[in-house]
Amino acid sequence: MKNSRIASIDILRALTMVLMIWVNDFWTLTNTPKWLNHATATEDYLGFSDIIFPLFLFIVGLSIPFAIKQRLKKGGNIYTIARHIIIRSISLLIIGVFMVNYETAHDSGMLDKYTWCLLMALGVVLIWTDWKRSPIPFKWHNPIQVVGILILIFLAAIYKGGPTGNSGMTTQWWGILGLIGWAYGINALIYLFSKGNKIVIIGCFYIFNLLSVLHHADLLPQLKGALKYISTIYTGTIPAFTNAGIIAALILVKFKNDTPKKLLTLTLTGVAILSYGFLMRPYWGISKIQGTPAWLGICIGLGFLLFVLCYYIADVKQHTQWAKIIAPAGTATLTCYMIPYFIYPIRNLSTIRLPDVLNNGILGLIVSFGFAMLVVIFTGYLEKKGFKLKL
């Protein structure tokens, strides 16, 4: 981890990405313990898998103040940085929409869904690889990106989705990356234009949580027409996770020269929000799929407490060597996330299969975690060769 960065942020991001790849591989396994899996839509329950995505949203928020400060140091102004934030957000929305439509693609189209996914992943890589830092000659950079754009346009044009194949591409629920795009975009812009004003940031945290409660109490007016597209922000839950990460970063900055006070404040904040989450449980239960206030509060509280632990180990005690093997998942996160979108379609299009015994129970979980680690190691190899996705 680079000394100029807060090591715990990179490490926590890397850990979260490794776990995300791992839990996303559970569909290939049988007889996995219930506590590891996602809860169903109707369960009042928090599985291990239900914590990973909110933790990533929290880490997105943790990074925002430091990323904006770095851009300002490099000579950026408020408007160029806002443009950068908007472009990144739109990029995440586009990739997220393609990914979520892959899940509902109909196999009877011009391409089967797995070939469609392979081409989608290829298009994303061609467009968003940071070609300037790659060994590819400059003259090829723009043509390569144009090819990627044409691939995505082609895939959108031929797409057939739904049970009967009669629907085209829609935003659906935006996909994981799309939700990150909404949460990152609104929070980064709020932070930028408020100049990191603590009252504004904390005020927005209360507003997002209030919106979440009102939404589940059926007290929010329904959005109509084009306004439905901003429902992710309007219902509060998703952006609240990222806003909480910004608050954690502000605590770091406020007490930068007082480590005990910094750790205590982060811990007490985490405990308070965790308690709020449990207090909300009797009303709507804990549900990731429904995005309940209890899920929101509990996961934010856990985010604070896990960050405190990671910060103490990595930045206070400066024990970082243990995380070296997973470092690429924290510094080339999007690259790492994209690799399975090549692997799974190839697996499904081929006859390559592991013996059933390696996909079952505890042994299956170990093999699956090994797969996640191989993805990270391959990400590191690509990064060293100069190939890394960057929005």
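Backbone N, Cα and C define each Cβ position, glycine as well.
Automatic, uncurated: that is what TrEMBL annotation is.
Residues annotated as domain 'Heparan-alpha-glucosaminide N-acetyltransferase catalytic' in TrEMBL: 5-99. The annotation transmembrane segment is assigned in TrEMBL to 12-31, 51-68, 80-101, 113-131, 143-161, 173-192, 199-217, 229-251, 263-280, 292-313, 325-343, 363-382.
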Is it the case that the transmembrane segment (363-382) and the transmembrane segment (12-31) have 3 or more CB pairs under 8 Å, with pairs at least 6 apart in sequence? yes
Under 8 angstroms for C-beta pairs, at least 3 of them, ignoring pairs fewer than 6 apart in sequence. Is the transmembrane segment (229-251) in contact with the transmembrane segment (292-313) by that rule? yes
Taking the transmembrane segment (199-217) as the first stretch and the transmembrane segment (292-313) as the second, find out whether 3 or more Cβ pairs fall under 8 Å, excluding pairs closer than 6 in sequence. yes
How about the transmembrane segment (113-131) and the transmembrane segment (292-313): at least 3 CB pairs under 8 Å, pairs 6 or more apart in sequence, or not? no
